[in-house]
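Here is what TrEMBL records for this protein:
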type	residues	note
REPEAT	11-49	repeat 'HEAT'
REGION	199-231	region 'Disordered'
COMPBIAS	200-215	compositional bias 'Basic and acidic residues'
COMPBIAS	216-226	compositional bias 'Low complexity'
REPEAT	279-317	repeat 'HEAT'
REPEAT	357-394	repeat 'HEAT'
REGION	391-474	region 'Disordered'
COMPBIAS	395-410	compositional bias 'Low complexity'
COMPBIAS	431-440	compositional bias 'Gly residues'
COMPBIAS	464-474	compositional bias 'Low complexity'
REPEAT	490-528	repeat 'HEAT'
REPEAT	529-567	repeat 'HEAT'
REPEAT	568-606	repeat 'HEAT'
REPEAT	685-723	repeat 'HEAT'
REPEAT	724-761	repeat 'HEAT'
REGION	756-784	region 'Disordered'
COMPBIAS	760-770	compositional bias 'Polar residues'
């Protein structure tokens with residue numbers, strides 16, 4: 001072989017050598033350079049040499065195979081464009097057969113990307129036969145990989161091929177291997193959407209990540225239980241995403257609100273009939289599967305099915321199937337439905353929601369499992385907002401031409417008696433705690449002043465229809481059905497959740513109540529939500545109080561100053577003294593908002609005194625938050641307010657025996673200097689900082705240097721030269737290295753500032769001289 005030929009084939013030789021290297025990192029480096037090597041070889045040699053080589057030597061450690069699969073998905077441009085895209089199918093097919101789930105998922109993902117690079121003819125001639133081979137393969141890994149390709153192939157093939165794809169789905173739905181059924185369950189919704197011409201945005205997260213999200217509230221759930229949920233057995237799920245037995249290409253549904261409305265074309269109507277005839281029976285089969293992970297992934301398709309079908313078809317076929325499935329035996333299935341309830345509501349539309357989903361939502365709020373109640377509570381705000389903003393119910397919207405009030409009983413399920421899994425969550429999980437069941441509907445919700453003091457966690461009584469509440473104008477305009485649901489059913493359910501013994505449930509409820517305030521309006525908030533808010537502010541759990549106090553702004557805006565000062569403010573003030581520092585810090589962060597709503601005088605009288613305690617708090621984060629919020633208040637109320645109200649207290653801290661208090665004094669000076677008037681900085685802040693420059697603690701001295709740098713930016717330059725610079729010069733000779741460092745840093749900063757001012761003044765003088773030279777003299781400007 002000539003020297004030119006050797007040079008020509010050298011990149012391939014390097015690739016081969018590095019692929020055979022024992023060090024995995026060398027092989028990975030080689031794979032990551034495939035695009036560079038392909039460019040060097042050219043399109044023809046990439047097709048005839050590089051791709052066959054990769055196909056023949058595809059089997060390696062998992063990390064290398066994942067890298068190959070990822071590279072090949074974007075390799076069409078290196079093999080000659082769309083006309084030659086089918087040459088990439090063979091290596092990706094080999095990778096799709098690998099047992100490791102990460103390799104298969106990456107291979108299927110790349111194959112899905114390749115479908116966009118194929119013409120419809122090539123898709124029919126090359127990719128559909130690939131799907132057939134995978135779907136009829138002997139190994140479960142092959143059949144599982146086929147499921148991820150159904151939805152992207154279906155819209156672009158002929159009718160006979162479409163029927164073949166549906167037949168393959170039917171066969172795989174009863175496959176003996178749970179991993180195959182799980183893979184199919186994960187793509188049913190996407191396939192339904194592709195049948196009506198509305199494929200969703202594809203989320204490539206794995207099933208394990210989705211289940212982790214669904215069960216995120218189960219803080220103490222055991223690792224083995226979670227692995228069982230994801231992988232079909234103990235030890236088969238790896239949180240790091242390593243080896244898991246499951247199907248690739250598990251397509252997760254996006255929010256229904258992000259999908260466009262389908263146009264009612266004849267093709268869409270025909271496709272919907274086919275979905276009802278073929279896919280919904282598969283959904284029912286998988287939703288009753290023996291494996292819980294299969295059932296959960298099947299129910300993941302609910303929103304996508306609702307999106308693909310008409311509201312009437314959802315009411316007749318989909319919703320009854322879903323409700324029966326979640327009542328089957330799995331609390332995790334109910335948790336899934338609860339977490340997606342708002343998306344389902346948007347997908348089926350307001351009329352079906354009012355007829356079929358209201359009682360179901362209440363049942364989820366009263367579920368036996370705390371995880372389910374928590375997930376449902378997190379949906380209260382959006383569910384109510386969608387309900388109250390939807391059009392008033394129309395009799396013509398009822399199915400079969402009947403009026404919605406003609407006796408059609410709402411489809412609902414009571415889950416309180418549903419049998420649970422054979423392996424319920426551990427006793428120490430989030431489920432431990434009292435249920436939130438409904439009951440006691442004849443009692444009334446208390447007014448704001450009737451709430452028991454302290455941490456009394458007894459159930460707040462129910463609200464009756466005659467409680468005298470007046471909904472907001474928005475709620476009143478939405479019809480009697482919405483009002484009766486909120487006042488007679490939802491608010492009593494919220495009261496029950498407020499008495500729940502589970503912290504996670506009450507935390508989710510607190511956020512929901514805060515979000516409901518602007519939706520329901522002032523009257524309902526004051527009469528019915530405010531007592532629950534006050535109860536949560538006094539809850540024995542720090543997490544519940546912290547969650548609520550950190551998000552109070554919406555409620556404060558709705559209830560007005562009177563109720564804020566008389567009802568909420570005392571509870572907030574009580575929280576300022578609790579032992580948990582995070583709660584104290586959350587209260588401090590609410591002070592600027594309270595000051596804006598209560599006014600300067602009320603704030604000075606009732607709340608300002610607490611800041612002096614926070615400034616010397618034992619927790620540094622609380623002290624720092626106090627300084628930052630004092631700065632915000634000074635920006636709002638002005639320099640004179642700061643001088644009259646608290647600057648004297650700040651100066652007193654400079655003489656405190658505790659060096660931490662002296663440091664917080666300097667921290668206040670650092671933050672307040674930019675927002676105070678120069679005269680106050682000169683008369684109050686500068687003498688205080690200069691007085692502390694000989695403090696016995698080095699930390700205080702270097703904080704003095706930082707403070708002087710900030711003060712120097714706010715005071716006249718002659719004071720900087722006469723007072724600030726000499727002090728900083730002395731600090732540069734301090735025995736402590738940190739003090740010297742910050743002193744030099746302050747000097748350099750002030751010198752740079754002075755040089756910048758001099759340069760700016762020089763430029764201004766130059767421009768003034770130029771303008772004077774251009775302007776005509778007064779004599780020339782006069783006229784006869």
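Positions of Cβ are set from backbone N, Cα and C atoms, glycine also.
Long-range neighbours of the repeat 'HEAT' (568-606) within the same chain, counting only residues 6 or more positions beyond its ends whose Cβ lies under 8 Å from a Cβ of the stretch, are 530, 533-534, 537-538, 542, 545-546, 549-550, 552-553, 555-557, 559, 561, 613-614, 617-619, 621-622, 625-626, 629, 632-633, 636-637, 641, 645. Mean per-residue pLDDT, taken over the repeat 'HEAT' (685-723), amounts to 91. Long-range contacts of the repeat 'HEAT' (724-761) within its own chain (CB-CB distance under 8 A, at least 6 residues past either end) are made by residues 686, 690, 693, 698-699, 701-702, 704-706, 708-709, 711-713, 715, 717. According to DSSP, the repeat 'HEAT' (568-606) comprises 33 helix, 0 strand, 6 coil.
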